[in-house]
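J.: Feature list, courtesy of TrEMBL:
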type	residues	note
DOMAIN	17-475	domain 'Aldehyde dehydrogenase'
ACT_SITE	GLU250	active site
Amino acid sequence: MKDVQPKGSHFIDGAYVEDTAGRVINCVYAATGEVVAKLHSATPAVIAQALDSAKRAQKEWAALPPVERGRVLRRVADILRERNEALSELETIDTGKPIQETLVADATSGADALEYYGGITASITGESVPLGGDFVYTIREPLGVCVGIGAWNYPTQIACWKSAPALACGNAMVFKPSEMTPLCALKLAEIYVEAGAPAGLFNVVNGYGDVGAALVTDSRVDKVSLTGSVPTGRKVYAAAAEGIRHVTMELGGKSPLIVFEDADIENAVSAAINANFYSTGQICSNGTRVFVHADIAEAFAARLVERTKTAVIGDPLDPETNIGPMVTDTQRAKVLEYIEIGKSEGAKLLLGGGIPAGFETGNYIEPTIFSGVTDDMRIAAEEIFGPVMAILTFTSEEEAITRANATEFGLAAGVFTNDIKRGHRVVAQLEAGTCWINQYNLTPVEAPFGGVKMSGVGRENARAALEHYSQIKSVYVALSDVESAF
Ligand SMILES: NC(=O)C1=CN([C@@H]2O[C@H](COP(=O)(O)OP(=O)(O)OC[C@H]3O[C@@H](n4cnc5c(N)ncnc54)[C@H](O)[C@@H]3O)[C@@H](O)[C@H]2O)C=CC1
């Protein structure tokens, strides 16, 4: 295995920093169980250093002409693309995701975000409000120091999706990656400095949940953006409220994918595969409740099983591999437990359900398909965050909508139909932040992304994210005399 040990556990003020007093973080390659790097969770001294330098760098950064800030972000995008191969390899080692995915969905998506926000930095402006003589103008100001906290599944992409709009608005960011995937954000921090960002503007502190918790309540912090589970979101949202801090919460889901009887079955099967087995099922927006019209359910399931059987499970660094291991053994154990729950609840196991033969080492698990699933089963109600698909059948449009919405989550939803009116009609009634018609899981940075209900608050990407990384100052300008009562 390549040497991926970073020069320090944290990247602060333009340089690697180490403090071995922090608890050890073992970075494990999910395909073999090998420890590939050893880091240390941030100590209070490291956290203080990161926040102090971010506070200083933010002032310098916000004072630059926006066009210059945009140029730095676009340079970051260029470097990410130039180094895509090396960054993708590192992401694969960090997460266990197949290289065929990381080459197209991680640093490249991060680069898209940096390019997008680099391009609009200079057009983040206020407005002028005429009052018939007097007028008001508004200034869109940065919030200050933002904290980003990431999940393990898309470490590079999450760090870019959070930092690009934050920095475009003139903020600094201290980013804490998931303790399970600590490597990639450090590379992004190096690249920011190389591209000309002031030292301290984007710092990375690695650590466990307690480090995240310490960041969220620190008086130097003005905003917190979390990508994580609902239970963590609830804690972080509450802790941020103590200091009336701004928040963005990108949380979990149990999203519906509805396949109507008039759908193109081959496309719907492709979408169901992407919505459940990409990244070995570790995607927040996955369409894990696949509602299929009863008339086509049998044909759909048969084709789905036939195609899923051809998936190549293997070494994630092999370009032929479609399905790699899960991020940790603990996460896999949780998924295997859900598979047992599904069986005991009476769902029919159509495919998979265990550890693939010949893959006893590493955190491998088979892509798993259940049919005959009902809404009350736990495998249909709870987020599993692994490659487990539940097929449910329905007979009317109204029924499909009602059942799709009967969840506390509201991250995403998909509809497959060849009836254009039905597609729009159904999507209009679905309680989800992101919907697809005849597609699934594509998240271009030009489109806002985020959840409703328990799946989150705020939006990432697009111009919408700017609202969540800036605040408006109103300035009243009087051209007339001041009237007073006496
Ligand atoms: N909506 C979205 O955009 C996405 C949501 N997710 C969700 O993330 C979850 C999986 O990721 P996990 O890493 O297991 O989530 P998690 O909630 O366990 O951890 C997320 C991050 O929060 C940190 N953390 C834990 N406790 C904390 C605390 N008290 N204060 C501050 N930070 C704390 C962790 O160290 C980690 O960096 C799933 O539920 C998934 O749906 C994942 C990717 C995208």
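Note that Cβ sites are derived from N, Cα and C of the backbone, with glycine treated the same way.
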J.: Tell me, by DSSP, whether GLU250 (active site) is helix, strand or coil?
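T.: The three-state answer is strand.
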J.: Return the count of C-beta atoms lying within 10 angstroms of the C-beta of GLU250 (active site), excluding that atom itself.
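T.: By my count, 28.
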J.: To what whole number does the mean pLDDT across the domain 'Aldehyde dehydrogenase' (17-475) round?
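T.: Average per-residue pLDDT within the domain 'Aldehyde dehydrogenase' (17-475): 98.
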